[in-house]
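Quick look at what TrEMBL annotates:
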type: DOMAIN; residues: B:2-124; note: domain 'Response regulatory'
type: MOD_RES; residues: B:Asp57; note: 4-aspartylphosphate
Amino acid sequence: MHFFSFLAAFLLALRISRAIKFTALHQKWRMILRISAGVPIVLFIIFNERLSDDGVLIVAGIYLLLFIEYLKKQEDFKSFTVLLNAHYPLVAAGIISGIVGVTLDSFYEKWESFFVCAQLASFLWIFLRLSTSRKQQQELRRINERKDELEAMVAARTAEITQQKNELQETVKELQATQAQLIQQEKLASLGELTAGIAHEIQNPLNFVNNFSEVSMELIEEMEEEMAKGDMEEANAIAADIKQNLEKIRHHGKRADGIVKGMLQHSRASSNIKEPTNLNTIADEYFRLAYHGLRAKDKSFNAELVANLDPNLPLINIVPQDVGRVLLNMFTNAFYAVHQKQKIIGGDFKPRVEVSTKVIGKEVEVIVRDNGSGIPDAIKDKIMQPFFTTKPAGEGTGLGLSLSYDIIVKAHKGHINIDSKEGEGTAFVITLPLS
Amino acid sequence: MKILVVDDEADVQPLFLQRFRKEIRNHEIEFDFAQSGEEALSYLKDKRQEVVLILSDINMPGMSGIELLTHIREDFPTPPPPVVMMITAYGDEENYKQAMDKGADDFLTKPLDFNLLKEKLKTL
């Protein structure tokens, strides 16, 4: 029984060597483990001849202890701790049996079977532990496999989600592009509505330019005649008229110029730059453009245009094109509403659209009021929504009020309130902060 | 001969005065102006008898030229009825028909051809 500890050390070295055979540790530890397996055999051969059985027991126990302690210090064999610990009973049983055998020979004789049993039991204990630890390791391996599986699944899911995220981002980008396009279309649509109004507004000043220059040519001939006759007083009067006419020509030229510039500004993408602006000028300009726009489409349409513009209105910081578009939209809607009512009621109805501006505290209030068909309660909540329109298909984009809301509320920190009674009329109240 | 010109554009006034400079100086023609249909009607209430010809723009804010024409025909039926000529920038068929139906004597388009107008005045 005195060789158990050597046998255990030998088997331990073999077992570990086999366990790491197909791992990265194999190369590193191969030689050391081979030597460790050989050492017990060599020691047994050397000491078996020279020492008593008890002496061999002590040497073998000490060797086994040293071997275990050495292995336990190695980081690489952490997973074998259970197996290594299982050897301690054998170490203890061997060394104690040896020491007792050497020092208390008679006592040992008497209890020999007990000591042998202890050694045998602790030797068997190793195998018992080994089989359970093997099960544990199998379990561990299974858990590891399961973990790998789960990790693979998580990775797959993550990839899937990432792809979905990218697709969504792509979609959002596309939607944003579409939105920009729609806004541009809405601008062009409202420009289309304006075209007739613009043509009329330009035609008028152009007529004046033509008429005044023609009449001025005639006047110069007359002036020459008067001068030939020697009537200098009359000639001077005519000269004054001519001068006045040239001023009128310039005035109406500038008027046409301003309208063309306004038109270009309307269709151009907004610069988004706020600048001190005279709201009255914009309101007045778009008021007439919107009216003539509808007038040109339907010759029978007529409305009373009332402008109550506060002459003391200070310049306010706004993006003129954007706010102009909002007003144009309000005017177009108002004219549309009174026109609809006129179509239904007929001759007795007097369409009236009014724009007013005034300063209230730290805000400017612009009211566009009509006596048209009004907004039914059922749709009051919807009219600010994009793509909502009551106009027949193809006539409205449904973006006018929605964009107006964005411009006034989001971009200018203002408000839009609607006061409407079905059948009686509508007032859109726009408030913009003064500073 | 007194002519009432109705147009919301104020600059029409010097234009007429200069175009008819000689006629005015020779006291052949006299002009009065109104800047809206409403103003024209109140003017006519007092001076209906003096006015021989009314030249009215159709496209004006508030009372349109066509409405003014209707009022004139209703309010002043006593013969001889005033001659009313409508002027418009929209010289289309529909406008023309509407004006004629309401009792216009003539229909002129902008830009106004003053030589043509003078010819027409001679026949009055």
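Any Cβ shown, glycine's included, is placed from N, Cα and C.
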Take the domain 'Response regulatory' (B:2-124) and average the pLDDT across it for me.
88
Sort out the sequence-distant neighbours of the residue listed as '4-aspartylphosphate' for me: same chain, 6+ apart, CB within less than 8 Å of its CB, listed by position.
B:Val6, B:Asp7, B:Asp8, B:Glu9, B:Gly65, B:Met86, B:Ile87, B:Thr88
Mind tallying the domain 'Response regulatory' (B:2-124) by DSSP state, helix then strand then coil?
53 helix, 27 strand, 43 coil
